[in-house]
Each structure stands twice: as C-alpha cells, then as structure tokens.
Amino acid sequence: MVSTKGPIRVVSTWVRRQPPKVKAFLAVVSAMAALVLLRAIVHDHDNLFIAAEAVHSIGISVLIYKLMMEKTCAGLSLKSQELTAIFLAVRLYCSFVMEYDIHTLLDLATLATTLWVIYMIRFRLRSSYMEDKDNFALYYVLIPCAVLALVINPSTSHNIINRIAWAFCVYLEAVSVLPQLRVMQNTKIVEPFTAHYVFALGVARFLSCAHWVLQVLDSHGHLLIALGYGLWPSMVLLSEIVQTFILADFCYYYVKSVFGGQLVLRLPSGVV
C-alpha cells in the first residue's frame, strides 16, 4: 500500500521520535540556517527589529479581534499582558530619556493596545477569565529581573537609574511570556486565536534575536564594545536567545498543527 503521509508529516514524525539531544541539535542547526538566509536576503538588518515590532503588533491585533468578536478571554494570561505592559512602559521611558527613534513610536502603539487588552480582561470579559489557570506568581520574574538589573546593566554615560531601567526591561521582556505558557500548560488545549498570538510572539522574538546576532556579526564584534564593557553585552544577547528558545517548542507544535489541518492546538505533556 502506498503511504499517504506527506513529507512534512514524515519529517515531523521522525523528529518527534528523536532523543532530546538530537532535537536540540536540530533546533540549533535550523536556527543557524534561518540566520544565514536572513543575512543573505535582508541587507539592512535594522529592518529585522522593525519587523519584530510589527509582528508583535499583528499578534496583539489577533487578540483584539478575539476579544471583540468572540467576547471571551479564555486561554489568555492577564499576567503576561501585565508584564508586557511593564517592560514596554519602562522601555518607552528609556527611549524618551536616552534614544528617541522609530522604535519609540512602535512601542507606544503596542503599549496602548496591550493596555486595552488588560482592560478588557480585567473588566469587560472578567467572567471568562481563567484565573485559576493563570497561576504564575509574578514575583518569580519581577524580583530576579530587578536584582539582575541592579548587578548587570549598561556601562554607558547615562544616569544610573536609566541604565538599571534599561537592563530591567531587557530582562523582563525575555521572560514575560512565561505566565501565558503556564496557562497553556495547565489547559493543554489552545484555541486558534491564542495560538496565533503566541506564535506571533515566537516569530517576533526570533526576528529580534536575529537582528542582534547579525548586527554583531556584521560589525565583527564591535557592537558588543559599543554596548559597553563587562557582562552587559553578553546578557543582551543571552536575553534575546532565551526569549527565542522559550517559545521554540510551542512554535514547533503550532506549525505541525497548522500543516496537519488542526484548528485547535493540543499540546503533549511536558511542552512549555
């Protein structure tokens, strides 16, 4: 009998059967291949950062559509939205006092829509909010990020408070999605619009990470010197990489679900 499995399903089945070390190796190889491709086709790598902001905005737009059309916030993490609002607000402050550019306007728009989502979850659609599933304690990320920002921050000529705030928003952004992942881990079933939103976050994180990595490569490491001395330059890159890999597993199952024709994403045990 001729197999009816498509090549994508065959590959995904093969990957799923591999041990964790092989999966990690394949993930690294795939990421490096994607970076090589982006470096070849995108000449101005600053556009990658703008693209990351745009994809994040698209993800927020998906949430707005869900809240307005379906009148439910089931499956969404209010705490993740609050963490997002915090790091965006801090980053906006840093942008105004340190470096005002196009990213400031993008952050302002994203913050405004995030605050609207928070308002809808807290007040208009409170009855559908899955508070018992959204049980990630925020101090698990806020306190470590604050302490880390006090210890490791930019060595620039800016005011020390501004430098600590800058470091804080970088670290907080890297882990802001953890409460949303906890909600999905608790429910195991992710409805389409929430899955689209989290996937958009994953793509945005990867584009942002690619922007920094390619900038370092193009400058032959001089960008790290421009960011300052000590551990701060390495922590910036590490934060970008952490953001990407936190969502990598979810994005794999999302793509697999889409190609498999499934409207609702069902996560196996242990994912996210």
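The backbone N, Cα and C atoms fix where each Cβ goes, and this holds for glycine too.
A TrEMBL annotation is a machine prediction, not a hand-curated record.
Among the residue ranges 82-103, 104-125, the one that TrEMBL annotates as transmembrane segment is 104-125. Recorded stretches compared: 104-125, 137-154, 193-214, 234-255; the one with the most Cβ pairs under 8 Å to the transmembrane segment (48-68) is 193-214. Beyond the transmembrane segment (137-154), the same-chain residues lying 6 or more positions past its ends with a Cβ under 8 Å from any Cβ of the stretch are 79, 82-83, 86, 160, 163-168, 171-172, 175-176, 178-179, 227-228, 230-232, 235.
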